[in-house]
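Enquirer: Take a look at the following structure, please.
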Amino acid sequence: MACAAVVLPPPPVSRYRPRQHLPCSFRGSALRRHLPVSPHQSSHLCPFFISESSRSRYRPFLPDRPLFDCGKQSELLVSATDSGSTAYSAKGLKFQEWDSLTAKFAGVANVPFLLLQLPQIILNSRNLLSGNTTALFAVPWLGMLTGLLGNLSLLSYFAKKRETEAVIVQTLGVLSTYVVIVQLAMAEAMPLPQFAVTSAVVASGLLINFLNYFGWLHQGVWTLWEDFITVGGLSVLPQVMWSTFVPFIPNSTSPGIISCAVAFVAVVLARAGKLSEKGTKFVRSTSGWTATLLFMWMPVAQMWTNYLNPENIRGLSAFSMLLAMLGNGLLVPRALFIRDLMWFTGSSWGSFLHGWGNLLCMFIFNSIGRTFFLAATFGYFAWLGMTLWRDSVAYGYSSPMKSLMELISGPESSSDL
């Protein structure tokens, strides 16, 4: 007996409005909860109309009862679609507009970040073509390697969260930094064994993150990669912080070795289930935070160098500092909107200290003009003020402080304000 067609009531007019971008938290989540799922995690999609006589031919492949009931599943489909769209549209048009704008801002941040590394690449190419390989020794390969590891760690963090714009930013950072490292290796400014290991890590890291982003990677492989970047980040961060203050402190690799051992033990205990739930969660979050702290430490090292050698400030490029301020500043609205404290901390710190802070040092030592500095200052703080105001309007808050409190402590802490 053929399955009777089910006539559904006409949907509301609002259901035919143009398709809008939905946050990751609403994309198909309700639908996946209701559709029947096989042991292999794939939905049973049986044809709608299968006669009882024709079912005998498919008997070895079909269960005794229908897998897809037209009426019931159609109702579930409509219900799941309504639950997602209703939850999103309930936020209001301003919320949706700000969601779209912050995503576009994060995408536009690719431009200043790409231009930030491009002058160094062009200069290195000219020196290599002219045979002036000695000039490339002025670029520290260890610092470039630190930045590369930070980009890879943040790439893994954002790929896991499916933040497309941030993934593109970090991927460009990995590729542009690796190009500089290749140039240093060609000039023999970087040892060949270290370059070979770096190349292997970059290739495997990009491949693993690409496969994981599209859901094509086995969870066990991703877990091993997360453990690797956790141990690597916790090993490099203390060593870089220690090396910044050499020769005022002894030159030693002990900080890196000790932190590497501690990180390895922590990862092993977390995977073995020997830590508490909070401890395991803390270990899993360290890779993203260590990458953020690496980037946060870079402007600190630059400011320390400016303090020790003020005459070298004239060697800094005001255009590069402006690009750093713009690139990181464009990421701040998106980080605040999705309530990502780690991303917000890194981008705010980078735009404030690495960008505006270095411009302030250059202005104090008369390396840039007053008009340039005041224009950059006004634009930067006006952008931050606009970001806080628009975010509070999008969420329907009366004060921008609610957005900041929600970012730091969660929605519960902002309800009392």
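In case you wondered, yes, glycine gets a Cβ from its N, Cα and C as well.
Annotated transmembrane segment per TrEMBL: 135-159, 166-186, 192-216, 228-249, 255-273, 285-304, 316-337, in sequence order.
Could you place these features in context, so I can see how deep they sit and what lies close by?
Expert: Outside the transmembrane segment (135-159) by six or more residues, the chain places 120, 124, 127-128, 166-167, 170-171, 173-174, 177-178, 180-181, 183-184, 187, 189-190, 194, 198, 201-202, 205-206, 208-209, 212-213, 225-226, 229, 232-233, 236, 240, 243, 287-288, 290-292, 294-295, 298, 342-343, 346 with a CB less than 8 A from a CB of the stretch.
Sequence-distant contacts of the transmembrane segment (192-216) (same chain, at least 6 residues past either end, Cβ-Cβ under 8 Å): 141, 145, 148, 152, 155-156, 159-160, 162, 167, 171, 174, 178, 181-182, 184-185, 222, 225, 229.
Long-range contacts of the transmembrane segment (316-337) within the same chain: residues 98-99, 101-103, 105-106, 108-109, 112-113, 115-116, 119, 163, 165-166, 169, 343-344, 346-351, 354-356, 358-359, 362, 367-368, 372, 376, 380, 383-384, 387-388, 390-391, 394, 403, 407, each at least 6 residues beyond the stretch ends and with a Cβ under 8 Å from a Cβ of the stretch.
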Enquirer: Counting only residues 6 or more past its boundaries, what in the same chain has a CB within less than 8 Å of a CB in the transmembrane segment (166-186)?
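Expert: For the transmembrane segment (166-186), the list is 106-107, 109-110, 113-114, 117-118, 120-121, 124-125, 128, 133, 136, 139, 141, 144-145, 147-148, 151-152, 154-155, 158-159, 192, 195, 198-199, 202, 205-206, 209, 213, 331, 334, 343.
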